[in-house]
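A.B. asks: I'd like to ask some things about the structure below.
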């Protein structure tokens, strides 16, 4: 007997007709077809990205002209600043005093410790311009004085630390005292040169360089004092004091007394004697300051 379920007629959906058991029409395929028709090739369904604001800004000729004008203003401002800085701070001249090399530093340190063996103290010139320090050991420089001052402050801190007396305030006082004495020396020498009416090519930077060489001997004295006590301190500092005295005499006499000879001033004239006394005073002040700035660091 045939199964009644087999006699049931299964409705066949016609193409384009909805499923009779489906409550709502499926419109996803139509929408996808509609969206697909709107897609641009290569965009993966997303709208093409517009140009970036930077690109649009650079493409604008007005903005390009503004950028060029701004660059010219910046160049003019840099040139103006360089001129004003060079007016108050001679950057070009300072470059000359730092034109050194390792060979020059070694020879200069040897000259500071053993000036008795040196014969020729004349500064070499090339077309009325002194040659760079790296070519002439007699030329003044600022590299050794600057490095010696920094090293002196560090050695002073080491000496204070070994005696349990270190403090930032005391170290700052040590550094400021050394700078204050150097400033007073320079001002006193400039005033003396003005009063004695000395026409010399000795500049303020030259004075700072020559007066800063004493820090080299101060470092040696303090280090020997830390290693060997008071005896080592006095021996090394005494040697360095005599050396810097001889060095300053032989250097400054060419800067001060040589001008007097060129002007035809008699050797035994009153003005020439004043210049000689000034040279001796500047040289004699170096050992006194070397002792004053270091004696309290060694105990």
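Glycine is no exception: its Cβ is also placed from the backbone N, Cα and C atoms.
Please treat TrEMBL annotations as automatic predictions, because they have not gone through curation.
Not my notes, these are from TrEMBL:
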REGION    1-38  region 'Disordered'
TRANSMEM  142-161  transmembrane segment
TRANSMEM  173-195  transmembrane segment
TRANSMEM  207-227  transmembrane segment
TRANSMEM  233-253  transmembrane segment
TRANSMEM  274-293  transmembrane segment
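Tell me what's around each of these sites.
C.D. replies: Within the chain, the transmembrane segment (142-161) has long-range Cβ neighbours (under 8 A, six or more residues past its boundaries) at 94, 97-98, 100, 105, 108-109, 133, 167, 170-171, 174-175, 178, 205, 208-209, 211-213, 215-216, 218-219, 222-223, 225-226, 297-298.
For the transmembrane segment (173-195), the residues of the chain that approach it from at least six positions outside its boundaries are 149, 152-153, 156-157, 160, 202, 204, 207-208, 211-212, 215, 256, 278, 281-282, 285, 289, 292-293, judged by C-beta separation under 8 angstroms.
Long-range contacts of the transmembrane segment (207-227) within its own chain (CB-CB distance under 8 A, at least 6 residues past either end) are made by residues 97, 109, 112-113, 140-142, 144-146, 148-149, 151-152, 155-156, 158-159, 162, 178, 182, 185-186, 189-190, 233, 235-237, 240-241, 243-244, 247-248, 251-252, 286, 289-290, 293-294, 297-298.
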